[in-house]
Amino acid sequence: MIEFKNVSLVYPNGTQGLKDVNLKINEGEFVVIVGLSGAGKSTLIRSMNRLVTPTEGELLIDGENILPYSSRQLRKLRTKVGMIFQNYNLVKRSSVMKNVISGRLGHVGTFASLLNLYPKEDVALAYRSLQRVNIAEKVYQRADQLSGGQQQRVAIARVLTQQPKIILADEPVASLDPPTSHQVMTYLRKINKEDKITTIVNLHFIDMAMEYADRIIGMRAGEVVFDGPASDVSEETFEEIYGRKIREDDLVGGQDNE
């Protein structure tokens, strides 16, 4: 379980990233966070693996407050919390396999990984992860030879290889076209259901949020302004979250726009 208790974050320049956030996210949930640019979506998601550090409150993962963690404790935390980024975060000049097996880095250590000394089971796990996102045929290609959608699938395979308890996906489809976006979201949803991995995704497109989320968290100006099941969400809910009328560019992730 992930629990935010009165969590606030003020950046060094005085910007309020999070404001008195109280949330509980249960094991195995598929949660989508929505809000305008600058609403605090990325700050919220990045606080869960301490890429940013809240300045007030407590942030508990499995009952333990992660805010006072040492760098050694953070390394251990990041082994069980996988992250998927908008820009894929792959080593472009390395092969697909080398990128995916780097998901084992926290398990084998830096020295072994530098020498490419991964156990056979890890190599087999990496290959199975590529098969699960239907990209195993690209295993020996360089990452920079792949399309954006293929690179994001490699990033998902890397997270799978990590065998995390939690997956955080920060705007994973923002750089992709609608059909590819749906493909990536379908893989994330499938992994969540099959492996029971808690999955938290930031999305801009509200129709896509409605299609894939079990639960939607709405943010505005660093505050949680809505938290409930996707089935309870209406257009009016999104207008309340966004503080304005819904526009066509909020919906370009929709199947009808493919």
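From the backbone N, Cα and C atoms, a Cβ is placed for every residue, glycine too.
Worth saying up front: this structure is predicted, and the values here are computed from it rather than measured.
Per Swiss-Prot, the features are:
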- Gly35, Leu36, Ser37, Gly38, Ala39, Gly40, Lys41, Ser42: ATP binding site (BINDING)
- 2-246: domain 'ABC transporter' (DOMAIN)
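Swiss-Prot feature annotations superimposed on the structure.
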residue : record           : contacts (Cβ under 8 Å, 6+ apart)
Gly35   : ATP binding site : Lys41, Gly218, Met219, Arg220, Ile241, Tyr242
Leu36   : ATP binding site : Arg220, Tyr242, Gly243
Ser37   : ATP binding site : His204
Gly38   : ATP binding site : none
Ala39   : ATP binding site : Met219, Arg220, Ala221, Gly222
Gly40   : ATP binding site : Gly17, Leu18, Lys19, Met219, Arg220, Ala221, Gly222, Glu223
Ser42   : ATP binding site : Asp170, Glu171, Asn202
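Along the domain 'ABC transporter' (2-246), the predicted structure has mean pLDDT 93. One way to see the shell of the ATP site is to take the Cβ centroid of Gly35, Leu36, Ser37, Gly38, Ala39, Gly40, Lys41, Ser42; the remaining same-chain residues with a Cβ within 8 Å of it are Thr43, Met219, Arg220. All protein chains considered, the CB of Lys41 (ATP binding site) has 24 other CB atoms within 10 Å.
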